[in-house]
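Novice: Submitted below is the structure of interest, expressed as structure tokens.
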Amino acid sequence: MAASAVAVAFVVAVAAVLAAAASAAVTYDRKAVVVNGQRRILISGSIHYPRSTPEMWPDLIEKAKDGGLDVVQTYVFWNGHEPSPGQYYFEGRYDLVHFIKLVKQAGLYVNLRIGPYVCAEWNFGGFPVWLKYVPGISFRTDNEPFKAEMQKFTTKIVEMMKSEGLFEWQGGPIILSQIENEFGPLEWDQGEPAKAYASWAANMAVALNTSVPWIMCKEDDAPDPIINTCNGFYCDWFSPNKPHKPTMWTEAWTAWYTGFGIPVPHRPVEDLAYGVAKFIQKGGSFVNYYMYHGGTNFGRTAGGPFIATSYDYDAPIDEYGLLREPKWGHLKQLHKAIKLCEPALVAGDPIVTSLGNAQKSSVFRSSTGACAAFLENKDKVSYARVAFNGMHYDLPPWSISILPDCKTTVFNTARVGSQISQMKMEWAGGFAWQSYNEEINSFGEDPLTTVGLLEQINVTRDNTDYLWYTTYVDVAQDEQFLSNGENLKLTVMSAGHALHIFINGQLKGTVYGSVDDPKLTYTGNVKLWAGSNTISCLSIAVGLPNVGEHFETWNAGILGPVTLDGLNEGRRDLTWQKWTYQVGLKGESMSLHSLSGSSTVEWGEPVQKQPLTWYKAFFNAPDGDEPLALDMSSMGKGQIWINGQGIGRYWPGYKASGNCGTCDYRGEYDETKCQTNCGDSSQRWYHVPRSWLSPTGNLLVIFEEWGGDPTGISMVKRSIGSVCADVSEWQPSMKNWHTKDYEKAKVHLQCDNGQKITEIKFASFGTPQGSCGSYTEGGCHAHKSYDIFWKNCVGQERCGVSVVPEIFGGDPCPGTMKRAVVEAICG
């Protein structure tokens, strides 16, 4: 070959490589994120890898894909990966690379939210506590020590992703990355130092050359080329800060977190779907559900303070990895409908037309003839019939219908056709307990004694929830209270979060803060004797705060004053006398939660209702493959370990306050709107990953602070107990799209884990009333309803019945819109 030909061939080859690289690059324009040269409507869901086990990851990711997701979004948890300076950990639940590779294997993309501040109701917002003690540090502002550590960790993660070939241009799944997190409110408060920090963070991130777009959420002045994005229950109001950026929603909140002492939040899927459809209707092109699977705050990872161990979040995939229906199924249908509209959605902006006082249409068209319409009724009470394109459409209140061809309704946000699954927690075994009493006033070889009160985290460095504060009070023989029988009054003021007061070795009182206010004050009558008295206060942290500014200033523990009233002298201030400090429990120092540590002490017969007690039991793994949990309803407050691994904090003794009332999907949602568990424990059941168990000889260890009844603890299996469906004659269907006509609606029921339908508890075709678990017949009822469902469904794992009068022996009430409603038992 001639030299010139070789040169030409080389140039062509290089051009081909460059062209391939260019086509693989991820960019964006004003309409959407552009992947491989194509504008994309991207549906994403948050799954946080440390909140589930590696054994759960493949199934969670597959269920996310089956639910219609394109992207899995996760934070990167700095304190899990760098527990001490320069010492990195990327194994087990923190194997980030393995998690991302599993997402790639499933054919999904990744939005990697490096932060490295994450909030996330995670301990200390994801920051390692050692960061607080870097000299001269001030968090999340224009501070050189903080910026140096942040840049070092961010660079570490980016270089790791590059070395593993995980960015999209390398053939990996990462198409987006996030720097910082929800910084806008802090920037507003701090002013210029915060603005300088935000600009620095953006420039630092871009300089890492990831070749994928960077985003900042809740950061209105994110500098180019960073995309600012929205977080919230609704984001149809949001527009990016520059016209050349796409409209993105990084956190569509599927509900809210659970905290100890507050009701459990739920968000109706009708409202969630409505919020997402409103955002897409506005021109949004990226939606991420926060959370799609919430998981579990294992060990001491929960933040808050007072964040519960469960991070279920009422997500489409529940804490245990099971589908939450109808939320998962209804959103899956929404995603299908949106994807049918994609060619029109990415082509241009909507044309919005009023169809009534609270009704409108948003129509998207492409130059190739694609047309998609969203018909909205934002009235919170009334149904509406609207005229559009020469046809009439019935819209439930607070809903949107999606027409991928501007004619055929395939989905309405308020018409839920997916089944409703009611879960059961089935007893799977009890335990034979032994107990060991935690020693009070048991100091180590070299206890810390100093004048005055010390802040708790400065002493413990968050290596334990527990810190003992002990001081001594001398009482003279001539004190009047000794002879007149009166009590002294002890007052202890603490920054939080919980406190047990012991006088001469006896528990005298317990006090704790709340999600809204972690600070607390103990005031109680105490009996002292002549001579030396011991006052011991066990201060307990319940997760470090995860949101706010100036993390370096946050504190916990007894800061004072501590006073004693009723002495001859009046009030004695104990704040500035000598205090002795013991970090952690004696049982912790002996590793009683482990097999080796638990064998070093003598365990006795179990005691009940005794504070500061360790319990242990051995058990075999229950048969089957259903997810497992511990029912802790008989206990007060403490921590759980299985085979040495931390299940988390438990606190069923903290009852949820408030009045839960009824729930209606219509109208704006907030975290107080649809709640359960008022007057009950915020969390009763605690997830036990099956992968943590051996077939036999598993060690369960519990530390109980308050005093509970361990004989009431049981292992339970989580599975579907019953399934319900409520389907209208005119339920929109994806089949309508294929036939361009309105297909017959159909009821679908399905049990799980090999279960079959064993009984039809209720069935009615007509106008039934009530909700799943409490249905009743209405004024219109087809008498063959029960027989039809029994014949088609009993003995089957899944079944389907068409919602048409002839199936049920004729029309029981002509001219009336009818529904087929059924409840079936799985077993």
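Cβ from N, Cα, C; glycine included.
According to Swiss-Prot, the protein carries these features:
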type     : residues : note
ACT_SITE : Glu182   : active site, proton donor
ACT_SITE : Glu251   : active site, nucleophile
DOMAIN   : 741-827  : domain 'SUEL-type lectin'
CARBOHYD : Asn209   : N-linked glycosylation site
CARBOHYD : Asn458   : N-linked glycosylation site
SIGNAL   : 1-24     : signal peptide
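Would you situate these features in the structure and describe their surroundings?
Specialist: Counting only same-chain residues six or more apart in sequence, the Cβ atoms lying under 8 angstroms from the Cβ of Glu182 (active site, proton donor) belong to Cys119, Cys217, Lys218, Glu219, Asn231, Val547.
A strand conformation is recorded for Glu251 (active site, nucleophile) in the three-state DSSP classification.
Every protein chain considered, the tally of other Cβ atoms within 10 Å of the Cβ of Asn209 (N-linked glycosylation site) stands at 9.
According to DSSP, Asn458 (N-linked glycosylation site) sits within a helical segment.
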Novice: I need the CA-to-CA distance for Glu251 (active site, nucleophile) versus Asn209 (N-linked glycosylation site), whole Å please.
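Specialist: Distance between the two Cα atoms comes out at 25 Å.
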Novice: Please work out the mean pLDDT for the residues of the domain 'SUEL-type lectin' (741-827).
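Specialist: That stretch averages a pLDDT of 94.
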Novice: Give the sequence-ordered list of residues that share a chain with Asn458 (N-linked glycosylation site), lie 6 or more positions from it, and have CB atoms under 8 Å from its CB.
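Specialist: Spatial neighbours, sequence-distant, of Asn458 (N-linked glycosylation site): Asn555.
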Novice: Measure the Cβ-based neighbour count of Glu251 (active site, nucleophile), defined as the other Cβ atoms within 10 Å of its Cβ.
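Specialist: Taking all protein chains shown, Glu251 (active site, nucleophile) has 24 Cβ neighbours within 10 Å.
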